[in-house]
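Features reported for this protein in TrEMBL:
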type	residues	note
DOMAIN	3-38	domain 'Integrin beta epidermal growth factor-like'
DOMAIN	44-75	domain 'Epidermal growth factor-like'
DOMAIN	144-169	domain 'Epidermal growth factor-like'
DOMAIN	186-220	domain 'Epidermal growth factor-like'
DOMAIN	227-257	domain 'Epidermal growth factor-like'
DOMAIN	314-344	domain 'Epidermal growth factor-like'
Amino acid sequence: MCKNSQDVICSNAGTCHCGRCKCDNSDGNGLVYGKFCECDDRECIDDETEEICGGHGKCYCGNCYCEAGWHGDKCEFQCDITPWESKRRCTSPDGKICSNRGICVCGECSCHDVDPTGDWGDIHGDTCECDERDCRAVYDRYSDDFCSGHGQCNCGRCDCKVGWYGKKCEHPNSCPLSAEESIKKCQGSSDLPCSGRGKCECGKCTCYPPGDRRVYGRTCECDNRRCEDLDGVICGGHGTCSCGRCVCEKGWFGKLCQHPRKCNMTEEQSKSLCESADGILCSGKGSCHCGKCICSAEEWYISGEFCDCDDRDCDKHDGLICTGNGICSCGNCECWDGWNGNACEIWLGTEYP
């Protein structure tokens, strides 16, 4: 009756009396306890300060549970960021801390599933948002049964090959068209099927994100998200969006109708606001209007407050900058809602075609 699950009497931390364990308590501090003396809170004592959990946490059965802002086996390390900032960095797109699949330590998620080889395991991502187990027909971490062998696993979701569909690509899709004919019908005037914003099946496009009316057209050629700035304002509030292009009201112009035609500045005042740190007007790649740089339309990839950014530096996927699912902001992709990844190539929404 005194043996623990490893058949050790009183966990070698006490003696057995009439079927019950009497735990060692030589110091009179009661740090060894439990039905089988399995809990030893002496493991929580900091060797340097001799305090339990360094005075920055509570001990339960030999393990320290640290206060906000502290971490380590003995809560001996303090975070260099605030608890609020730590929580913000660990919050996944669905609003959960580390997607409920890991623990947050100083703004970084430690996912519960870690591959012993040192590579990421089935659960990975900055906020543990990707769970590759969802791609397996029958879960076995040592098998290679991803997407029924008919697709690629992308952050826990299956991207099926042509001719297959289903959550795990388990269903064959009967189509009278060949793979080449299907892709050709989905291309339209674009080089990429479905303009790189959707999925082609049997010559028809399903646009991403599913159900978002801002992306539409036979080949998903219209993307009205392009009319929004980073705050979600459409055409700067001074125009309407038509198939991804702003039609500006009278008195306004620019890609997002952000520039008023009238200006109350002198030419000198305007130019002084357009000069970059090196003294060059709009980095030599644009013109100055009313204190703001208007980047050259011929060089579509030039952007930034002083036309100093090259949008070609942003990550690409399938030949598209930011995969067409975000805005390139000075070399970094700012992804639209539901998308993640360096090139906004990972769809994290709940619905997946």
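Placed from the backbone N, Cα and C atoms, the Cβ positions cover glycine too.
Just so you know, TrEMBL annotations never went through curation; they're auto-generated.
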Top stretch by Cβ pairs under 8 Å to the domain 'Epidermal growth factor-like' (186-220) (candidates 3-38, 144-169, 227-257, 314-344) is 314-344
In the same chain, which residue numbers or ranges, 6 or more beyond the ends of the domain 'Epidermal growth factor-like' (227-257), come under 8 angstroms Cβ to Cβ? 217, 221, 294, 327, 329, 334
Same-chain residues at least 6 beyond the ends of the domain 'Epidermal growth factor-like' (314-344) with a Cβ under 8 Å from one of its Cβ atoms are 93, 125, 129, 155, 191-192, 195-197, 208-209, 223, 225, 230, 303-304, 308
